[in-house]
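Q: I'd like to ask some things about the structure below.
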């Protein structure tokens with residue numbers, strides 16, 4: 001607990017040196033342990049105290065020991081023992097205790113060294129209390145310590161971590177007034193500040209200032225600026241800067257990563273050759289970055305070529321390299337090749353880590369290969385790679401997608417029995433598994449369990465439950481859950497509204513659906529393509545086709561591109577009401593705006609034509625569909641045959657189908 005000015009409440013009262021004395025503790029009773037025959041004091045060496053403090057894992061036991069020996073005549077604390085205790089407390093976030101010990105040092109006349117004061121700053125930074133660190137710094141002279149460049153640097157870094165830019169500017173001014181010259185570490189912090197504020201011009205001027213003061217920028221200086229340019233989409237400027245620099249590995253790695261993120265893989269590959277030409281040897285990180293993006297793009301020919309180039313140039317791939325390749329392969333269902341890469345890793349003595357196994361398990365789960373995913377879990381454990389919460393969550397989610405509640409529950413129990421605490425992903429997946437089995441009461445109970453376990457449900461958790469309820473027609477309950485979300489600190493997003501809108505339209509509650517759209521707009525939730533398609537489908541279902549075109553126009557105005565799904569809904573809506581000509585015009589409209597009619601649109605139109613006994617027109621559209629390279633599927637042929645039988649009888653239907661086959665429409 002802190003006062004408004006950020007100072008500990010403990011400091012409101014003057015405290016004597018170590019204000020309380022523990023009762024005699026046999027564990028710390030050095031005279032009882034070491035000298036039971038006389039009353040002479042046993043003095044302890046500093047190294048023994050430091051060893052005890054450093055080895056004690058229980059923070060309260062360490063603090064008791066620290067206090068006990070201070071109140072005994074065995075030892076007088078030194079700057080080193082204070083630093084050890086302060087660092088130990090800082091790691092646990094015990095800032096009040098850290099501040100108290102700092103005050104104790106002042107009262108006991110122990111000067112605070114530069115290293116110890118830096119440790120104090122790090123303690124504050126670790127818990128996000130940089131402003132309190134700054135206040136303590138302005139009292140630095142009280143603790144017998146003078147400001148140094150290192151102290152300033154660590155304080156600047158603490159402020160940077162919290163984006164306290166104005167305080168950084170003020171502190172840098174104080175540093176100059178103290179007559180301290182910034183070093184390269186100081187400048188690198190200032191460069192990060194400028195880059196975070198999108199001031200590339202200022203960063204460039206600072207680089208020039210560094211050189212002018214004889215402080216040569218290092219790799220960190222340049223990579224800071226280059227990273228900023230690449231993240232800002234200014235890879236071309238980053239490229240120009242690299243060409244003006246002395247070539248080195250870190251700057252090329254940043255530049256190659258920038259081109260990869262923009263999808264310019266060919267340029268990145270050319271840079272690999274340029275590096276070699278300029279005397280810079282690519283390392284495993286360079287190759288891994290390129291291979292990761294190439295694998296994600298699905299160009300595995302290029303990915304394996306990069307792997308081969310690594311071997312040829314004597315650069316051994318590491319776990320990250322192989323994991324990137326496994327990820328790309330598994331996400332595209334190429335599991336045999338992914339397993340081959342995993343085997344290659346093991347044969348080369350490169351141990352896969354949790355990320356490697358989790359990546360492949362994730363791909364298997366997405367592909368519905370749960371048996372292989374569980375086998376891989378066993379292999380993971382056999383390779384002494386401990387499954388983590390991500391592993392278990394992925395498996396639970398995979399089981400949930402398959403509707404396998406028993407499998408999901410078994411994974412859950414295994415996770416908990418091994419001391420692995422479920423996270424929000426695991427809970428959400430279990431909610432999904434229950435919803436897919438229509439066990440909504442049990443799914444809802446999980447929300448209460450999450451609260452008890454201090455794992456708050458998030459918006460995705462509610463969306464999963466709302467989707468399950470809407471899919472089973474339990475829209476009223478879904479709406480109640482929607483109203484309950486904010487009491488759990490969860491804000492509905494566009495997906496929440498989309499699921500509810502779909503449920504309301506399917507339930508025929510059009511009025512409530514349109515009220516929800518209005519509420520959505522009032523809350524500033526932007527409608528996306530899925531939202532519009534859901535509303536279009538709802539309007540078509542209730543026959544409000546004239547309203548659909550207004551909605552389509554609004555989509556275009558808002559910059560949302562019409563897709564095949566949107567127009568197929570329209571075609572189906574027109575055909576359901578016998579409005580064949582408007583449906584045909586929508587099909588032609590698809591061509592004009594660069595969309596290709598698909599089997600869904602053609603099937604809706606052909607079925608609509610057949611419903612109104614125009615078999616000749618249906619044949620024309622079948623001919624046109626096949627000309628577009630779209631072959632009728634089994635469902636469409638079945639519908640056509642049934643239509644022919646019902647309208648023209650078996651004999652004429654057989655004759656008509658023979659004419660179709662003879663005209664090579666299908667073959």
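Numbering starts at 1 and runs along the chain as displayed.
Backbone N, Cα and C define each Cβ position, glycine as well.
Got these off TrEMBL a minute ago, pasting:
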type: REPEAT; residues: 113-147; note: repeat 'PPR'
type: REPEAT; residues: 148-182; note: repeat 'PPR'
type: REPEAT; residues: 183-217; note: repeat 'PPR'
type: REPEAT; residues: 248-282; note: repeat 'PPR'
type: REPEAT; residues: 283-317; note: repeat 'PPR'
type: REPEAT; residues: 353-387; note: repeat 'PPR'
type: REPEAT; residues: 423-457; note: repeat 'PPR'
type: REPEAT; residues: 458-492; note: repeat 'PPR'
type: REPEAT; residues: 493-527; note: repeat 'PPR'
type: REPEAT; residues: 528-562; note: repeat 'PPR'
type: REPEAT; residues: 563-597; note: repeat 'PPR'
type: REPEAT; residues: 598-632; note: repeat 'PPR'
Q: Restricting to the same chain and to residues at least six past its boundaries, which positions have a Cβ under 8 Å from a Cβ of the repeat 'PPR' (183-217)?
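A: Hits for the repeat 'PPR' (183-217): 149, 152-153, 156-157, 160, 163, 165, 168, 172, 175, 224-225, 227-229, 232, 234, 237.
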Q: Which value does the mean pLDDT take for the repeat 'PPR' (598-632) in this predicted structure?
A: 80
Q: Six or more residues beyond either end and a Cβ under 8 Å away: which residues meet both conditions relative to the repeat 'PPR' (458-492)?
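A: Here the qualifying positions are 424, 427-428, 431-432, 434-436, 438, 440, 443-444, 447, 450-451, 499-500, 502-504, 506-507, 509, 512, 523, 525.
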Q: What does the DSSP secondary structure composition of the repeat 'PPR' (248-282) look like, as residue counts for helix, strand and coil?
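A: Residue counts in helix, strand and coil order: 26 helix, 0 strand, 9 coil.
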Q: Would you kindly list the residues that approach the repeat 'PPR' (353-387) from elsewhere in its chain, counting only those six or more residues past its ends and only Cβ-Cβ distances under 8 Å?
A: 319, 322-323, 326-327, 329-331, 333, 335, 338-339, 342, 345-346, 394-395, 397-399, 401-402, 404, 407, 418, 420
Q: Do any residues, 6 or more residues outside the repeat 'PPR' (528-562), come within under 8 Å Cβ-to-Cβ of it, and if so which ones?
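A: 494, 497-498, 501-502, 504-505, 508, 510, 513, 517, 520, 569-570, 572-574, 576-577, 579, 582, 593, 595.
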Q: By Cβ distance under 8 Å, which residues at least 6 away from the ends of the repeat 'PPR' (248-282) in the same chain are close to it?
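A: 219-220, 222-223, 226-227, 229-231, 233, 235, 238-239, 242, 289-290, 292-294, 297, 299, 302, 306, 309, 313, 315.
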